[in-house]
Amino acid sequence: MINSPFVRKPASVQSVMLQVLLALVPGIAAYAWFFGPGILVQIALATAAALVGEAAVLAVRGKPVALFLGDLSAIVTAWLIALTFPPIAPWWLTVTGTLLAIVIVKQLYGGLGQNPFNPAMAAFCLMIVAYPALMSQWPAAGQLDARTQLDLIFGGARQIDAITGATPLDALRTALRSAADPASTLHGLRAAQLMDGPAFGLIGGHGGEWVALGYLVGGLWLLQRRIITWHIPVAFCAALFAAAGLLWALKPEGFASPLFHLASGGTMLGAFFILTDPVSGATTARGKLLFAAGAAIFTYVIRVFGAYPDGIAFATLLMNICVPLIDMKTQAPVFGHKKD
Amino acid sequence: MLRKLFSFHGGVKPAPHKDQSTLAPIASVPLPERLVIPLHQSVGGHPRPLVQPGERVFKGQRIGGADGSLSSAVHASTSGLVRDIVPAVMPHTSGLTTLSVVIEPDGEDRWGELDRVNFRSTPPDELRDFLRDAGIVGLGGAVFPSHLKLKPGKEGSLQTLVINGAECEPFITCDDMLMRERAGDMLKGIIAMRHMLQAREVLIGIEDNKPQAIAAVQSAIAASGETGIEAVAIPTRYPAGGAKQLIRVLTGIEVPHGRRSTDFGVQCFNVGTAYSIFEALERGRPLISRIVTVAGNVDAPRNYEVLIGTPMDHVVRLAGARAGTDRYIMGGPMMGARMPAFDVPVVKATNCILVGSPALFPPPPPEMPCIRCGECAKACPADLAPFEMYWHSRAKNFGKAQEYHLFDCIECGCCSFVCPSHIPLVDYFRFSKSEIWAREREKEAADTARDRFEFKNFRQEREKQEKAEKLAAKAAATREKVGADGSAAAASSSTAPAKPSGDDAKRALIEAAMEKARQQKAQIQPKNTDAANPAVQAEIAAIEARRQVSATNPTDAPPDGPPSSGA
């Protein structure tokens, strides 16, 4: 028996996910333009692995496979994994990471809507702990041609150290640590001077800052489409800017500028696409602000004082843990119970 | 004049579908063959029938008397013959029946004697009784007895009387057409209400998608020369017509769940109620008809003035139901209720008969899991977090659902409307509420039973004790008496003749009691012949008579007669 309402807005999980995928396209296009087609191969690999893994578990669980594959949520997870893993990661690394995300982090917790952790970020954390070297090798923009990238993804022998470097975030942190060391040749140089190399662009990494701009454009489109609200992106960027700005203002020679932090690494991807995952994120307005600000602080701390190329994945998982408490404590007063 | 308006959180904008049914004026409906008038049409008690089957009634004659103060009278909608008073299927999704008066119209549509009342010279209590007996209830859909709401708060006066002409549900236009065509009379009803409530200002809230209604009401106000009454255009956003939402929009006041709006200096009535109050006071006509929108899967959507008790399909026929009609919905597509049959009667709550078809209202796509996207919370006009309540309702964790203010939910349907996972959220909340009510009733029943049991134990204990005390006292008295008798017998030695006479009296008493018991038994003995037809009954009577004779004179009984113990 169907009860009221008898009319519905033409909305679906599928259309929400499709719009998220579309919003990723500008960033992906910039990525492929500056860093070569490796990323497209990674996206294809992750997508295939996600669909196969999801279909297999759905079949085992006795769920309608076509209905749930059609919701496109597995593909969103796959694309986020491809975009956060190194573009020259060997194929099995991407496939294993995607299967971990879909099978264990998502489906074993009950599938769509039930996972307490962001599947893509959980996969990133697991793989970076398991394969720290492979997960930390990033080519600079324009450094590797398509052929080399494909060899690295599918080929056997890897002489990665010779041909690839670290992310700009990693590079700058290492350089800043060297600059603080009196024995180093870089001693006494400031962040601005350290960023003079070909790996760096106008405010972030060379090429990477354009990818970030692509994510920003897509994210703003999601905001305009009301798929996401402003709370998480604004709170994340503002808190990251504030944390970076505070230390930078105190000691400009020892820390990267807040703008560098906004334009580098996964900041924009995290702000608009990762932390905004509704399933594992906070849901109340105040909760979203707290959730994103907390993630920004953790991200900054891990970036500056940790040993990983970026801190967003760990920060996301740490804040995912806090979500039930945040949501419970930030429920807005309901109609007629406000104290205004 | 521009008034500062307030806003409520959330809301949705479903397609309005209001144009088609406002093209033609309100039409009348020919008398149906039969009117089925449920006695219970308002919130509160079940009115008791005041007529008998076979009785002739006038139009407007009271056929159901209000049952207590939270109740309202019911009237014959036309003159005719009361055919029956039987339980009939009521216009409710459950398909349950309710005691209804079936009237066969005589075609004369003759009014009885009509009492008019001057509201200015009549004491408020009498006015309220008058309105209760005129069957005036809220016509916005809640059908709450209006006389109870026409009391000013503790201060004896009210700041704002809000008149609800928002009509936010799609398809429904009965209030729109009422305001366009009868604004002047409606205004007279409003003036009477203002007098009863001693309200300082009157705000008539109308959604801005009804410019003609707004203009009509404004010109009626201007023509009346009244001050302190204002027609206010409010933004069109469902559910702006919810009483709490409208009060919020017009005054900024949020009336919490479970509180009276008069405590906040506000009272709210539907425009249709205002018109029916005018009809009752100035024309003496009780509430026997209302304007009903017929829309949806029909050729010519339109508004009709429909007598209460008219079968819905009788009205729909006039608008021309199209092929594919699979259901009638009473109310709009957002909050309306699916009817259990096509011939259920129009009642005071029927603002719209929405004719549905699978093409017009397709079944929702398959339900997906909640992804906590928060669209429902964004749309909720009560500022709730429906996805949290859903989570706990689904787990039957009703305590938690209540912590998330389940009972503040007004069941407007916005959350279900926007949910990208197509979850019937409102259904979950209706289910949870009814479960909680059922559990509370169960708990109450259990508490009562326990109290009763404990009292019974106490009473039995007390009786036992009293009996024991009585017995002890009696025994003591007997002992004393026997002792006294013994001494007396010993003294007189003449007790022997007294004893048999006592025994005789006892025997006579026993015999009398046995005789009485026999007679009672004969009286209550059921007969297996009661259902037989008259001819058989007569035969049986003859046999009985013969048996009586034979029983009194056993020697005269014929040898082949029935055994006298056979009855």
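Here the Cβ of each residue, glycine as well, is placed from N, Cα and C on the backbone.
Among the candidates B:Cys174, B:Cys268, B:Cys412, B:Cys419, the residue that TrEMBL annotates alongside B:Cys370, B:Cys373, B:Cys376 as binding [4Fe-4S] cluster 1 is B:Cys419.
In the three-state DSSP scheme, B:Cys415 ([4Fe-4S] cluster 2 binding site) is classed as helix. Residues 8-12, 239, 242, 244-245, 296-297, 333, 401, 404-406, 408-410, 412, 414-415, 417-425, 428-429, 432 of the same chain sit 6 or more residues outside the domain '4Fe-4S ferredoxin-type' (B:360-390) yet have a Cβ under 8 Å from a Cβ within it. In the predicted model, the domain '4Fe-4S ferredoxin-type' (B:360-390) has a mean pLDDT of 94. Of the candidate binding-site residues, B:Cys373, B:Cys376, B:Cys419, the one lying closest to B:Cys409 ([4Fe-4S] cluster 2 binding site) when CA atoms are compared is B:Cys376.
Counting in whole angstrom, B:Cys419 ([4Fe-4S] cluster 1 binding site) lies 14 from B:Cys412 ([4Fe-4S] cluster 2 binding site) by their C-alpha atoms. Closeness to chain A is evaluated for the binding-site residues B:Cys370, B:Cys373, B:Cys376, B:Cys409 by Cβ distance, with values under 8 Å counted; counted residues in sequence order are B:Cys370, B:Cys373. The [4Fe-4S] cluster 2 site is set by B:Cys380, B:Cys409, B:Cys412, B:Cys415; from the centre of their CB atoms, other residues of the chain with a CB within 8 Å are B:Gly10, B:Cys376, B:Ala379, B:Pro381, B:Ala382, B:Leu384, B:Pro386, B:Ile410, B:Glu411, B:Gly413, B:Cys414, B:Leu425, B:Val426, B:Phe429.
Neighbours of the [4Fe-4S] cluster 1 site: apart from B:Cys370, B:Cys373, B:Cys376, B:Cys419, residues of the same chain with C-beta atoms within 8 angstroms of the site's C-beta centroid are B:Ile371, B:Arg372, B:Gly374, B:Glu375, B:Pro386, B:Phe387, B:Tyr390, B:Cys415, B:Val418, B:Pro420, B:Ser421, B:Ile423, B:Leu425.
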